[in-house]
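Novice: As listed in Swiss-Prot for this protein:
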| type | residues | note |
| --- | --- | --- |
| BINDING | ARG17, GLU18, LEU19, LYS20, LYS117, ARG515, CYS516, TRP561, GLU605 | 5-methyltetrahydropteroyltri-L-glutamate binding site |
| BINDING | ILE431, GLY432, SER433, GLU484, ASP599 | L-homocysteine binding site |
| BINDING | ILE431, GLY432, SER433, GLU484, ASP599 | L-methionine binding site |
| BINDING | HIS641, CYS643, GLU665, CYS726 | Zn(2+) binding site |
| ACT_SITE | HIS694 | active site, proton donor |
Amino acid sequence: MTILNHTLGFPRVGLRRELKKAQESYWAGNSTREELLTVGRELRARHWDQQKQAGIDLLPVGDFAWYDHVLTTSLLLGNVPPRHQNKDGSVDIDTLFRIGRGRAPTGEPAAAAEMTKWFNTNYHYMVPEFVKGQQFKLTWTQLLEEVDEALALSHNVKPVLLGPVTYLWLGKVKGEQFDRLSLLNDILPVYQQVLAELAKRGIEWVQIDEPALVLELPQAWLDAYKPAYDALQGQVKLLLTTYFEGVTPNLDTITALPVQGLHVDLVHGKDDVVELHKRLPSDWLLSAGLINGRNVWRADLTEKYAQIKDIVGKRDLWVASSCSLLHSPIDLSVETRLDAEVKSWFAFALQKCHELALLRDALNSGDTAALAEWSAPIQARRHSTRVHNPAVEKRLAAITAQDSQRANVYEVRAEAQRARFKLPAWPTTTIGSFPQTTEIRTLRLDFKKGNLDANNYRTGIAEHIKQAIVEQERLGLDVLVHGEAERNDMVEYFGEHLDGFVFTQNGWVQSYGSRCVKPPIVIGDISRPAPITVEWAKYAQSLTDKPVKGMLTGPVTILCWSFPREDVSRETIAKQIALALRDEVADLEAAGIGIIQIDEPALREGLPLRRSDWDAYLQWGVEAFRINAAVAKDDTQIHTHMCYCEFNDIMDSIAALDADVITIETSRSDMELLESFEEFDYPNEIGPGVYDIHSPNVPSVEWIEALLKKAAKRIPAERLWVNPDCGLKTRGWPETRAALANMVQAAQNLRRG
């Protein structure tokens, strides 16, 4: 029984973000479709070859996506919303981009599909839309074409396909309500057709991803798996693939399925390998997800070996990444500026492939010397002085309940804030960032590379902040922001100014479409050596009589959007960040900043996948926010912002944050998110986003007014704010000016009644 290895997927964007650059060039009309397709082909060929060279036996094919793999699956099934369809009914790459972005080089612009987080990761997928009586057919053969490409290159191919039940679970019904699970029988023939095509090509194994099987699914959804897989059996061997949690609670459902293998995440799940081995059918292959696909830490391979060795030789076994390596940067070897000791603690996607090769070889041979050698640096880290800061640990231990309480209740604070700011009804503001123009990015890059001295850099940033204030005053906004010209990223910026974080040069991971992020890495205890945002906030406030918001990223979001340590709890990391940022709130307040926004867009996405684990997480997540904010005086208005959220099931926790104002992303969901706030009788102020910043389309005054009137039916008008869905960093100035002008006009119209 020779053990093989495989990965569940590989990063798509390219080491130098080649895919991002090609996409954006094509969207801007600066390159042809054929040039874009060529970049995709080159990246796929390179990535397959890199995995093969690193020692991977079975290469994932079908993990590449032009925007998002769930959207690719929608096109595969012919699930294209009517507003995005080509007039002749055909499907092409621009169809895909219209669903994702709302527009493409061809076809009519239309509202983009809703976007939300992929399980509890920082990757986003485009939510499939389902309507009653919908028909499905195989229309987009990208998977088959890529399999042909890989076969032509003589690779050992393992196609990757998002499973039918998870696909339906991830979608939403549009229009007349019905049970989307009823569409299962309509999509299965397309899956059968795809599997038949793969069988024709001589494919032995197909990785069919059903991550919904790690959730606490309703019984009807669990019951759907057996008939679905009865329909799919027989053409190729199916590796039923789960990740992000364990499968033990749903194992009875899984073992009844006619598949030939199961992949389990042995990093994030609590499944016991020996117990799994006992309960799985004896002829099934077990794919053991031992290498963390979601983090950047070098694995202790001696531990991984010990975790799996008891079942070696007792059944067919593969070793694998826990999930797709999509969530990890590509290659550590190009990081030339990392300190050697710190660098020795990390492994990126290619290094993780090497770990899988080492593990496979040791399990096949019984020789563990190479594992011990590989694991030595991560074992040495446990005693490093870079990791532990006694002062931080002491302050954390001394936190009391009082540290997370504002001095007075919201009603008392609201009165003090009204007296201080004297804002009109329907007050207008933005979420924080303004367009990051080429000039701004060049300025920051030149400074970073040493081509620009500190004085000239500061003068340049000050000019952009001044311009942002002038633009906002001209537009007539009520509460201003400084525009964040000095910030590369809302998390990276804070990480750069806090001790306990390190940064990479090329550690990019895909967030959605062409958007990539370079998450900071938490390597040790976190503290704030000096004020971070005070100087620029103070400067911006000196330019205007209107209030300017101080802008902070909240502790849970910094945690969720960083690569965390694995040796302490997430709660510990969040509270260390909260204490550091608490000092920032006090300093902003002392500098005369009266409105401070603490963004927590990631609060909901940090939720554990199983509801039974939610309460503990929400308790410390809310406490971290409150520790951060509670130092503020009554007449300091604390705002928070949240994105892509379903709030109804966590409204208690949203209210418990006790922010004076919450702004939320609602435009893509047509204000339906406000139902939660209405039903809960949310007591504080709220700014429902009135237009989608992910799309370049400019909303009309009438459209915004209609949304606000809809909002006022649910929330008393005197507690409503008017704002976009999110920050405007990724937009251009022309559409930003036009959209904000319409937003301000809509608010003014409503004030006049």
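Please read every residue number as a count from 1 along the shown chain.
Heads up, the Cβ atoms here are built off N, Cα and C, so glycines get one too.
I would like each feature placed in context: is it buried or exposed, what are its neighbours, and how far apart are things?
Specialist: LYS117 (5-methyltetrahydropteroyltri-L-glutamate binding site) counts 22 other C-beta atoms within 10 Å of its own C-beta, drawing on all protein chains shown.
Sequence-distant contacts of SER433 (L-homocysteine binding site), defined as residues of its own chain at least six apart whose C-beta falls under 8 angstroms from its C-beta, comprise VAL481, GLY483, GLU484, ARG487, MET490, GLY727, LEU728, LYS729.
Reduced to three states, the DSSP call for SER433 (L-homocysteine binding site) is strand.
CYS643 (Zn(2+) binding site): 26 other CB atoms within 10 A of its CB, across all protein chains.
The secondary structure of HIS694 (active site, proton donor), as reduced to three states from DSSP, is coil rather than helix or strand.
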Novice: So among ILE431, ASP599, HIS641, HIS694, CYS726, all listed as recorded positions, which is physically nearest to ARG17 (5-methyltetrahydropteroyltri-L-glutamate binding site)? Use the C-alpha atoms.
Specialist: HIS694
Novice: Near the Cβ of HIS641 (Zn(2+) binding site), how many other Cβ atoms are there if near means within 10 Å?
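Specialist: Around the Cβ of HIS641 (Zn(2+) binding site), 27 other Cβ atoms lie within 10 Å.
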Novice: Which residues does CYS726 (Zn(2+) binding site) neighbour through Cβ under 8 Å, counting only same-chain ones at least six apart?
Specialist: ILE431, PRO601, HIS641, CYS643, GLU665, GLY689, ILE693, HIS694
Novice: What three-state class does DSSP give GLU665 (Zn(2+) binding site)?
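Specialist: Note: GLU665 (Zn(2+) binding site) is coil by DSSP, not helix or strand.
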Novice: Which residues in the same chain, at least 6 apart in sequence, have a Cβ under 8 Å from the Cβ of CYS516 (5-methyltetrahydropteroyltri-L-glutamate binding site)?
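Specialist: Set apart from CYS516 (5-methyltetrahydropteroyltri-L-glutamate binding site) by at least 6 residues yet with Cβ under 8 Å, we have VAL13, ARG17, LYS20, TRP508, VAL509, GLN510.
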Novice: When DSSP states are folded down to helix, strand and coil, where does GLU605 (5-methyltetrahydropteroyltri-L-glutamate binding site) land?
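Specialist: Reduced to three states, the DSSP call for GLU605 (5-methyltetrahydropteroyltri-L-glutamate binding site) is coil.
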Novice: On the three-state reduction of DSSP, what should I expect for LEU19 (5-methyltetrahydropteroyltri-L-glutamate binding site)?
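Specialist: Its secondary structure by DSSP: helix.
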Novice: Given LEU19 (5-methyltetrahydropteroyltri-L-glutamate binding site) and ASP599 (L-homocysteine binding site), what distance in Å do their CA atoms have, once rounded to a whole number?
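Specialist: Each residue's Cα considered, LEU19 (5-methyltetrahydropteroyltri-L-glutamate binding site) and ASP599 (L-homocysteine binding site) end up 30 Å apart.
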Novice: For ARG17 (5-methyltetrahydropteroyltri-L-glutamate binding site), just count the other CB atoms lying within 10 A of its CB, please.
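Specialist: Within a 10 Å radius of the Cβ of ARG17 (5-methyltetrahydropteroyltri-L-glutamate binding site) lie 18 other Cβ atoms.
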